[in-house]
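Chemist: Annotations for this protein, taken from TrEMBL, read as follows:
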| type | residues | note |
| --- | --- | --- |
| DOMAIN | 172-312 | domain 'BEACH-type PH' |
| REGION | 600-631 | region 'Disordered' |
| COMPBIAS | 608-621 | compositional bias 'Polar residues' |
| REPEAT | 751-781 | repeat 'WD' |
| REPEAT | 800-841 | repeat 'WD' |
| REPEAT | 842-883 | repeat 'WD' |
| REPEAT | 923-958 | repeat 'WD' |
């Protein structure tokens, strides 16, 4: 299961010992301090006197004696119930009995003045142990729980301050210590204090008590050993009032003095909130495993942040903590399954298998548990993912809303949560019974309230007055053990007389394996893929809090939300402990990851569409344009056959080999930076604009400059070729747009349409789109593909898209229905051209937006800025779903929806893997910034222009 590791470290497999003591025997917030080899002397002074050898364990609220003989029970003595504690045989208020036992310690229990006498092997330690016990006894007897906690915490901190990490545990004498601090290792229901140490190669944790750091549930345990261990838990725990806690459990644990994690093995690292405080840190050495390698809770947020910074800085290949948005793009494109995406969201929202109050939560997706066959093509088979579980039953919801209306502030609709430690162990009782026994004081729940049947559990979630629980990841995994009683545990007898055994499956499941397989198929089905974003909005998104949560009937108790209570501001320690206990037992709402509606999933596997969008594409991807750009740049010989059968596969192949792009020609044809590139349909002529105010025509065949045209003394900012290659349109800083006839070799017309420099132009279907520093984007009609040189044209202004500041770049989607603009203040705006209205405005850059472009399928927009960021925005929702940072601005780019080829400020071409969230290659090109870029439709040839005044020709070699 999720918190039962199945892949133990090799070093942990080497050693194991038979031990029955477990941290699960401790109370909530209780610590295990030390142990001593000792004898328990029974019937002292009688002829039946005998010594039972074992270990005496000193804990913050109890003393536990673990006999070596398995036939003898473990004894737990609560310190608060002790009347006297002292050296055996000494007189005094807490010392008594005339006949002494050398090295003996006496504890007198409250009920019937029962005496426990323990004889330490090392008699010299008796005074220290007695003093420790008296100190802990005083803490346990304080009236207020808050005062008890404060005193025990002070004792713990004092012990930690007197000790340090044992440097002899370093793996190499050459290791350099970088940081050491106090922390606790967190595992389900327990924490273990100790020392964290990080060197230049390794992260270490050494427990204060020296207790084996591997947990009894099998973290690092062989499956065969775990089976033996859990079979012992089928025995019933024995309680004798508050007198003695006798536990007959057998645990097989690994004796490892420290946890050690090699930094180069770390793949993910997350900051966590633990007990609503920013104190947690979780480290993973795998990409997709839900179970981490270590979860640490620090005493100071600064210690946590310092350790996180050091490890994150050490890691290579950007494998440090990632944002939810970085996974959203992969999920949308079909590169992550629904299951994988939910795992990542849970992890990012502080859900951890080591914290049962924040265990990963998964949705119920199937609502049919009675049919003989599961029909995944029928929408009626599925649960309504747009509603929380509590709102699925209309009648129950009406009752809850009526109560909600009458409730004083703070109001909440549901008195219980959809995820809590009790619910998690409800599902996992058959494979983690020790945790259920720990949580419920040594007893299983009533047999009729156990996890008996899938259908019954679903029905109770629909109809129960206080049952609103969701599922856990195990329901969509491949381990069936939580569904079968393989340990033959005695889980009780139901009212009908039947014993609780394996979970009863729905009729459509022929076996536990079949149930999990079909459940996973349902989770990955088309219906769920189309609606999963609605459930994400409820649990991780914008419907989690505020007015949207009220409207969605998704309001839980205020204490379950992050920020619902400030523990640091509470002066009453009793109140603080009570609130923290309530939070940990009731469950917590995941950290909110999305503040806007979550985008839908696109398709199971992304297929790119037509020509990739480019910052310097002369026209949008119309059918006519696709027809006119069939030829690659290097296929220009007369009579050579065109690529009429160009396929999507060839473009995909080209992009998969984009790192093999090779420079083969460079020509310096301008006196200033090149600003725009346009190429004729047969690839023979290349038109460029420059800040030197000229439009130039370069012959690819003769490698000669054929024409140089100047319209004014101001810089030209971009250019495009109209279909037919008869007209070149150029934009200028002199506020005008110029039309140049290639056939007649002269200026055809001038559009004087702006009050400041025109920064970028696009054309599609006889409409011209011009962006300007005058804070507008204008849409013009009357620009036909074939412009006549004999007359001037009438340009009609169809729409004016107003911005707050100057616009530096624009781009159209393939259909010409959407436009994206980027401003000098870092705002990206998406416009609906059919209504000339703004859809989304996203301030996602600090500084000028250098370039923007739609993905070929128009689902996403990519933008680059002076801040070095590459941001992907979902067009439907306006959500920033991915962001990568470069060490320098990326001035221009071309992309296919998954990969990006960008031109950098330093003159290099960079290849980016958006789904992986990283740069994969750097290719040297220009001596200055790359300012513009063009790619042919086959994606096999690229032309770039730069501040070094050169145009560079690239070929794809593969």
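Just so you know, glycine gets a Cβ as well, placed from its N, Cα and C.
Whatever TrEMBL says is automated annotation, not expert-curated.
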Chemist: Hey, which bits of the same chain come close to the repeat 'WD' (842-883), Cβ under 8 Å, at least six residues off its ends?
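Modeler: Cβ under 8 Å, 6 or more out: 323, 325-326, 328-329, 332, 594, 596-600, 602, 606-615, 621, 808-815, 817-818, 820-830, 889-897, 900, 902, 912, 914, 917.
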Chemist: Mean pLDDT across the repeat 'WD' (923-958), rounded to an integer, is what?
Modeler: 93
Chemist: Using DSSP, how many residues of the repeat 'WD' (800-841) fall into helix, strand and coil, respectively?
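Modeler: DSSP classes over the repeat 'WD' (800-841) add up to 0 helix, 26 strand, 16 coil.
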Chemist: May I have the DSSP-based helix, strand and coil counts for the residues of the repeat 'WD' (842-883)?
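Modeler: Its residues fall into 0 helix, 24 strand, 18 coil.
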